[in-house]
Amino acid sequence: MMVSFFDQFASPSYLGVPLIAIAIALPWVLYPTPSSRWVNNRLITIQGWFLNRFTNQLMLPLNIGGHKWALLLASLMIFLITINMLGLLPYTFTPTTQLSLNMGFAVPLWLATVIIGMRNQPTIALGHLLPEGTPIPLIPVLIIIETISLLIRPLALGVRLTANLTAGHLLIQLIATAVFVLLPMMPTVAILTATVLFLLTLLEVAVAMIQAYVFVLLLSLYLQENV
């Protein structure tokens, strides 16, 4: 019986109950809660140092008004990284391979940046739709193009994250299947293929972290245009 490679992206269920809620809630259980003591253990210290460095780097180009988003963007970054990394473990499920989940993150956050821009500085926000010095005959065309470019941003955010993770998981499964098939027939080729699989897994770990960072970074850039 042939099993589709895309079955790994189906939401798991137990007794008819979807388990995606558990997969989404699990990352928050893995992180220790900071204590009020002066001296913390090494794990909490490293966790705090990483969050501090990342938040400073992310908020650097933003003005004071954008710093209100620091907690939200840092939490989203940690959440996406953890989900992506857990999805690389055997017998696990990666929720971020679902376009619906990624669009659920991308659309509201993008819309929030647009609403903030329209509320705080409507003239500048609308001015992004028409570059300065545009010839009069091109004004209607450029407004339409810039509007489409603005509306396609959340779709690009969600599709980018979904496509990168889906492609990486599919490639890992294809190469792993090739190793399993070649091992009894051509052990040498199977060992070489397993080496490629190991290197690809390391690359996928990097992709899991980079894609989470890119997702949050683009959101911060959209926010920067509107605050």
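The backbone N, Cα and C atoms fix where each Cβ goes, and this holds for glycine too.
Annotation source TrEMBL lists transmembrane segment at 12-31 (among others).
The transmembrane segment feature in TrEMBL is assigned to 69-89 (among others).
Taken from TrEMBL, the feature transmembrane segment applies to 101-118 (among others).
Per TrEMBL, transmembrane segment is recorded for 138-159 (among others).
Under the heading transmembrane segment, TrEMBL lists 171-199 (among others).
Residues or ranges marked as transmembrane segment in TrEMBL: 205-223 (among others). Outside the transmembrane segment (205-223) by six or more residues, the chain places 58-59, 61-62, 66, 69, 73, 76-77, 80-81, 84-85, 87-88, 105-106, 109-110, 113-114, 116, 153, 157, 160-161, 164-165, 168 with a CB less than 8 A from a CB of the stretch.
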Okay, the transmembrane segment (171-199) and the transmembrane segment (138-159): do they have at least three CB pairs under 8 Å, pairs separated by 6 or more?
no
Determine which residues of the chain contact the transmembrane segment (69-89) at the Cβ level, with the cut-off under 8 Å and only residues 6 or more beyond its ends counted.
23-24, 26-28, 30-31, 51, 54-55, 58-59, 62, 95-97, 105, 109, 161, 165, 169, 201, 204-205, 208-209, 211-213, 215-216, 219-220, 223
